[in-house]
Amino acid sequence: MSEVINVNCPTCGKAVVWGEISPFRPFCCKRCQLIDLGEWAAEEKRIPSEGGLSDSDDWSEELK
């Protein structure tokens, strides 16, 4: 018999079974999934970086 793995929904904290029974995992529902997506889209969440971009990084919006 396999062990049931439970995780907490990152949005609301509700327990979620990690398996096919939970189609929105790690979220408990579509609503929590969309709340999280909205936070990423609004840049309320981000992956931390060690440094910023500088002018010498050859990033340009100009067409060549």
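The backbone N, Cα and C atoms fix where each Cβ goes, glycine too.
Pulled from Swiss-Prot:
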BINDING   Cys9, Cys12, Cys28, Cys32  Zn(2+) binding site
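Summary of the Zn(2+) site environment: with the site residues Cys9, Cys12, Cys28, Cys32 set aside, the chain residues having Cβ atoms within 8 Å of the Cβ mean position are Pro10, Thr11, Gly13, Lys14, Val16, Phe27, Cys29, Arg31. Sequence-distant neighbours of Cys28 (Zn(2+) binding site) (same chain, 6+ apart, CB under 8 A from its CB) are Cys9, Thr11, Cys12, Lys14, Val16, Ser22. Figure note: comparing Cβ neighbours within 10 Å for the binding-site residues Cys9, Cys12, the maximum is reached by Cys9. Mapped onto three states, the DSSP output places Cys32 (Zn(2+) binding site) in helix. With a cut-off of 8 Å between CB atoms and residues at least 6 apart in sequence, the same chain places Cys9, Pro10, Thr11, Cys12, Phe24 near Cys32 (Zn(2+) binding site), listed in sequence order.
According to DSSP, Cys12 (Zn(2+) binding site) sits in a coil region rather than a helix or strand.
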